[in-house]
Amino acid sequence: AVPLQQALVLMPARLRVPLPCPDLPELVLGCIKAVQEHASAAQQEKVDAWEEERRVSKYADGLQQLPATKRIPMDPKQWRCEESGLQENLWLNLSTGHIGSGRANWDGTGGTGAALKHYEATGKKYPLVVKLGTITPHGADVYSYAEDEDDMVLDPHLARHLSHWGINMMQMEKSDKTMAPHLSSLSSPSLLRRILPLQMEKSDKTMAEMNIELNLSYEFDKITEAGEALEVLSGPGLVGLKNLGNSCYMNSVLQVLWALPELRQRYVDAAAGLFRSAPSDAASDFATQFAKVGVALLSGKTGAPPAADGAEPMAYEKEAVTTEGGLEATVEDEAAEANAVAPQMFKSVAGRGHQEFSSNRQQDAEEYWGHLLQLLSRAEHAAGERLPGARDAPTARLFTYGTEDRIQCSETGRVAYKAGESSSLGLLIPMEAAENKSEVAQYQERQQKRQKLKEEGAAPKDEEEEKVRPRVPFSACLEGWGADSIVEDYQSAAAGKKVVATKRTRLTSFPPYLLVQLRRYYTDVDTWQAKKLDVEVEAPQELDLEPLRAKGGPQPGEGLQPEEAEAPAAAAAAPAPAAPEPDELIVAQLVSMGFSENGSKRAALAVGNSSAEAATNWVMEHMGDDDFNDPLPPPGAAPAAAAGGFTADPEAVANLTVMGFTERQATGALAACQGSVERAADWLFNRGADLDAAVEAALAPPGAAGGASGGGSAAAADAAPTQSADLLDGPGRYELVGIVSHIGANTACGHYVCHVKKEGRWVYYNDEKVAASKQPPFSLGYLYLYRRRE
């Protein structure tokens, strides 16, 4: 790479003037500055990517505005904080007309917080403020200080609210009025049209732009743990991943996955053959793009993967420009560029067809982990000989463990066993088990006193102290997972009615790797907003889960629940039960959140009316379905998957057969999943050795032997998947090798980083930044990856 040299070129004479050149006329210098400072297309894309979703403020309608005793000047040079006199990061209170500086940034820049202090001093009655300098005809940054919002918001009446203080939004792009008279004398109207917009942009950075600037200017050599600078690392296995705009969740998951030797052996060691056999549209081939990322990270070569037999190498994405001599010069810092790659193609192919992962919004790393394992299973099944052995031993098996639920009827004492599988162990955090409750209470009391003194203007400046968080033992989380739980309305075949039952879950196998998720995030039932538990849970570096191993099914002396087939013959002749109705309370709660009534009903039925939270999660995953807003079928109507009358969509069948399944298998899966391709794919991969039997059952006519009765084959087949017989197992003793941590209020915002143990030391990955870690966040992680100790 060579330094980027800017120059002014006069055409058609091609006269080239290297920049900077102070001898140029002032008019020309002004035009050059406008072009140089204008946001590039790439920068604008980054702004769009970092722009968080904002909701309309509840205070915008009917906003109280005091009489306009003053007019806000249109010239940005006249804007000043009314307390400090600062001229940057200024916020106008839309109700009072007060101009105050914003809060300080993490690096001490930004302001004095005068705008927030004014809100507090006026009784917290006027919450909406707008950032001066970001106002354009298209909108502006608006913030709500109200405690129930406390976030960036939208004000649909912003033009009227600004007009009250003398600000015309349609004239607020122009930040330098002195250039217009000179520009109007130019002889080229086309040149005038191109330069004027550059001179008339907003005069201050938006919050999205500031986020980008702070993120990109975060000096890596100043990142510290316990106040000590970290050693920057680079080379094979120590390559960073560039943030593509809220892609830190993907980067962290990929860094942890690619630390596993099994993935290196399957994808990187065989990369040449995989690239050679790639389809013509390699950009859409998941296996190719996944291997491409692995080659870059593990080889340390961030330019292009090795060419196969003289074939053209597939270049990695990097922003570049071509200089006059044809040399390519990277725009970003050379050191960071040399040790990082931008996985744009991989992000695109991995998110294709997924409503959330195809967007630029922040996501849940645990959900993305499961999503990647599904994509890997599908790609490996379809790859065939391109990935030898992958179809019989998919990568997902490395993380999949079996579970056994033991359910005991409270009236008869009889038990039933149900098998299941999962790829992540989710642990709830019992806050009542905190070891330092008294210390937390004392800290909160001191904080309340400080806040009271602050409101009275008498808060000492040296009273701040480190936050005291609740500390919950990791063992308490494990005990909660393995403890007996109550099951309401359990249909006991032995009692012949619904009863209360107790359920206990145990592990039937221990995979080579176990992902543990600490469920720090929850949905507030009052506000329906995602929130985070601010708690420390010290994850052990060595973990013994053998006490949670299942005993292997029914034990001597246990009375088992009878099979449904043993029910009295009269019961078989009884009329079919009425179709379930969606819970009205759940539907009402979802409708109040803005979802359609039909979609809300579908969600309630899909989760068995279990809870509004479960229904909300279902909506988030299925709101993009074609039939989401369609009316429910009338009671008694044959389900779409009813055997005998089911006709599969040829395109849906084709989408499944390219994964390596037969047409009949694809048709059976679609029949079992009401035609949903996504669910059908999961259904096929989860059947293992019992796939053909499950397909025949799904396609069997109603009432046929082996088929589901009452037209419910789809639901029955999908509700009770059998456990695969080829789950990997070994000793239930593990060591910690990876941590994914989240910084932020909830998984829809904030930032992810990860720590990976490599060759006996912990390495810290923060997007493209890589360093040796001294104090990994064992107590503040979100996902913990453990490796089984043989």
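The backbone N, Cα and C atoms fix where each Cβ goes, and this holds for glycine too.
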- Message: Suppose you had to name the range TrEMBL annotates as region 'Disordered'; which of 159-193, 194-228, 369-403, 544-578 would you pick?
- Response: 544-578
- Same-chain residues six or more away whose CB lies under 8 A from the CB of Cys248 (active site, nucleophile)? Gln362, His751, Tyr752, Val753, Asp767
- Item | Helix, strand and coil counts within the domain 'UBA' (581-622) (DSSP) | 30 helix, 0 strand, 12 coil
